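The signal peptide annotation in Swiss-Prot covers 1-17. If you look up Swiss-Prot, you'll see Asn315 marked as N-linked glycosylation site, on the strength of sequence analysis. The active site feature in Swiss-Prot is assigned to Glu426. Summarising the annotation, Swiss-Prot assigns region 'Disordered' to 606-626.
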Amino acid sequence: MLSSLLAGAGLVALAASHPTSHGNALTRRAVDINAFRLTATSEYVNATVAVSEPSLRFLKRADYLETATELVKSVAKDATFRVVEDHYVGSNGIAHVNFKQTANGLDIDNADFNINVAKDGSIFSYGNSFYTGAIPANPLQKRDFSDPVDALKAANDKLQLAVTAEKASAESTGAKETFTLKGTSGAVKDPEAKLVYLVKSDGNLALTWRVETDIMSNWLLTYVDAATNQEIHGVVDYSADATYQVYPWGLNDPTEGSRAVVTNPWDTTASEFTWQGTGTTTYNVPRGNNAIAQSNTDGGSDYLSNYRPTSTSQNFSYPYTLQMSPPSTYVDASVTQLFYTANVYHDLLHSLGFNERAGNFEVNNNGAGGSGNDMVILNTHDGSDTNNANFATPPDGQPGRMRMFLWDLSTPNRDSSFEAGVVIHEYTHGLSNRLTGGPANSNCLNALESGGMGEGWGDFMATAIRLKAGDTRAKDYTMGSWIANDPKGIRTYPYSTSLTTNPHKYTDVNNLRGVHPIGTVWATMLYEVMWNLIDRYGKNDGAKPTFGANGAPTDGKYLAMKLVVDGMALPNFVQARDAILDADVALTGGANKCDIWKGFAKRGLGSGARYSSTARTGSTALPSGC
């Protein structure tokens, strides 16, 4: 999925004093990709409801997969479905199983059932977006649907993609009704087409060709009506607009401290081959199991042959000052900084539960589960845009791609690879897209409110990481101030626990139409929750969390981050709030219930809050016992 650090076309613009994005390739072609966002219709049964439901107690089977399967059968009695092969047991002991609904042997691409099974084998919670309407006749008998090549041409025409498809031909991949489209140009790899159903915004089922095109600025799944090729029913973008002499971890940007030489900074549990190896190869360039970093001044899709510094002694120490210009004079330092920041964050997220089984980004998973061969491609000085950054998140087993652009709002221009908050924000898109819906399903955050939560998670994680030793809940933080050369930053308000400094509340979302403004509301709520937990447990100012016997971080900052990671799911604020509360039940037995509720309620997401896409109802009420 693709989300940006800044708003692109079709999104609400930021305040006039803040920088705006040049947009992505589709923006420049005047196609509003947001008009094609999928709608999100789902239910979520939280842990409190699940434990009180007598019928769920009888579903327990020998293992978590059988238990989850029985739940789907009991809830969706007439549905056909398949298990998505990305199930795993998280670091908190909760098993996660994902199911995909099928019809006539074809996937219903946006019909998912996500189940969490507790340590004792009981149903902990679940989310369900299965289609409940009538199933049409089997289209594979008459085969009166369009050709996949024609579907590619339709997507290319309607979205104004830069793909040449006149000589394209379809070759079967061997999977059911799935084709590689050969003979094209303009895409990073051969486009693919798969025949699937899609639940449309009106609730009806449509037979579509899901056409996958990676054109660098956008990595798209386009759902083209298979009957007519005249209508696009939805678009998912895997990319996300907006990562060892370095600014050390914890320094957000050059204004917060000086560069230093760090030695062997990796966590050997998360990066057992160090950052420079894959278990079979050791590199003398910024490349390893988790990432490969390079400059990309032409903005192209190639990266293996691009420039990156080489050191036979693995001493990546290069000069950089704020006065250096042009960027080519400090490219070695930029590549090194990006590689460092992305790797530290990889290791931290691994400790918080985003490991191999959960779908993280690694070449060699070393037998720990999940799909490998998917390190993050890190492009600094990317020439395809300015004043932004982005991250493309395909499903587990395919590399993520981060592109860091130069910002021209100061003289000399500033390099986004030197602002850790931007790198962390972008990498968090990879985290949230892999965790929400399962590692094999990266298109669950495409609706407006869920897309906003994706942006908010990125801002929250970046802000939590930059907290300093002397900070209290009175400390405010902006986002992107250095890179934008603007003390106000790139968001409407700073992150603050003061309702005067940042007045955002849940009902503000009713009047917001962009993922970034919506994300600011969500991150503000998470900031409140974090400070409630810090006030209770204190703050660990080290680079890594310390865990108690129950597997929970012992301090408030890392506990908040752990709960956010464990609770990443679901399409709207109310359900995501419940998921964080459920994550706390799984991790601590619900010890922090009231601290979490108070943080959300302060910002209008209390127990009486209700979701509606057009008329959200706010509430400052707390549940009984708080």
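Cβ atoms are placed via backbone N, Cα and C, with glycine included.
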Most Cβ neighbours inside 10 Å, all chains, among the recorded positions Asn315, Glu426: Glu426
Euclidean distance between Cα atoms of Glu426 (active site) and Asn315 (N-linked glycosylation site), Å: 27
Asn315 (N-linked glycosylation site) in three-state DSSP notation: coil
